[in-house]
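Read the structure below first, then the notes.
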């Protein structure tokens, strides 16, 4: 049996997970939460991670019921992500690997999401919609690479939701996206917003600017719509764009499976809309809940497990981090 421990900390989540041959033994995490109206800065986020990472590591080992001697490989998030938090986690992973005399593996954050989704849902060869705070991509596997068929040309969908939450002072606890989702359920009026799909790519910054300039200053103050209406309208517009480009990628690939991964992927309304499209095409939808959609250590451990079993390791001299690490840069040596 192969046991891999994974360290994740590319944004405001810090997690340590342990995987043993496809079984999640433990997966504790902590979230850095800022006051309403504020985002999280890299330096503050890194300080938070430094303060709790050893506690989370101890929890992971205790919950899994294993000792360092039982670990076969130490995996960590190499990128993409925020520089200071990535460095913090990489330093701890490097130190642990040397103290325990274990091989080290730098993992692409996006690949971690995909491999965790494939493990949990047992999807075979899906078209992947990867939606999070820092990334928005439509992906499909071909010839030892996860190929990007479409993506955002400006900000990620999760970043758009987070910044919208800051504009109308929605709480960041437990997350802006979750609170927007709950408010959207109470929305009754659809407000037309810019819908920007350019071929296989999407753009979200214009929607955000439109809301900031037009609605927040005029419609909310004049009672023409409520904050709940705006949340509802924003979700419907953003998710419609994502469903459109996902369906187009499915048609191109001849795929009959869709897998949604990333933090925004646990949004029930997104899953519902994607499910309708899949049903109309006779396709199948795969998705997970917040345990595995939201950034976590187990997803890094799972990708590391796949990489390690295929013969990959990262030399200590090469164990840097990179904030810009694209999904299609990784050679997928563990799939046919």
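Numbering starts at 1 and runs along the chain as displayed.
Just so it is clear, glycine is given a Cβ too, placed from its N, Cα and C backbone atoms.
Under the heading domain 'Gcp-like', TrEMBL lists 29-301. As annotated by TrEMBL, divalent metal cation binding site applies to 109, 113, 130, 295. Per TrEMBL, the feature substrate binding site maps to 130, 131, 132, 133, 134, 162, 177, 181, 267.
Residues within less than 8 Å, Cβ to Cβ, of residue 177 (substrate binding site) and separated from it by at least 6 positions along the same chain comprise 158, 161, 162, 165, 263, 264, 267. A straight line from the CA of residue 113 (divalent metal cation binding site) to the CA of residue 134 (substrate binding site) spans 13 Å.
Listed in sequence order, 10, 11, 80, 81, 156, 158, 159 are the same-chain residues at least 6 apart in sequence whose CB falls under 8 Å from the CB of residue 134 (substrate binding site).
Mean model confidence of the domain 'Gcp-like' (29-301) amounts to 95 (pLDDT, 0 to 100 scale). If you measure from the Cα atom of residue 295 (divalent metal cation binding site) to that of residue 132 (substrate binding site), you get 9 Å.
The record gives 109, 113, 130, 295 for divalent metal cation. Within 8 Å of the mean position of their Cβ atoms, the other Cβ atoms in that chain belong to 10, 110, 112, 114, 132, 135, 261, 262, 263, 299.
A 10 Å cutoff on Cβ-Cβ distances gives residue 295 (divalent metal cation binding site) a total of 27 other Cβ atoms nearby, all chains included. Around residue 132 (substrate binding site), the C-beta neighbours below 8 angstroms that are at least 6 residues distant in the chain are 113, 156, 157, 158, 262, 263, 264, 265, 295. Residue density at residue 113 (divalent metal cation binding site): 33 other Cβ atoms are found within 10 A of its Cβ, drawing on all protein chains shown. Around residue 109 (divalent metal cation binding site), the C-beta neighbours below 8 angstroms that are at least 6 residues distant in the chain are 8, 10, 77, 78, 79, 80, 81, 135, 295, 300, 325.
Among the residues the record lists as binding substrate, namely 130, 131, 132, 133, 134, 162, 177, 181, 267, the two farthest apart have Cα atoms separated by 18 Å.
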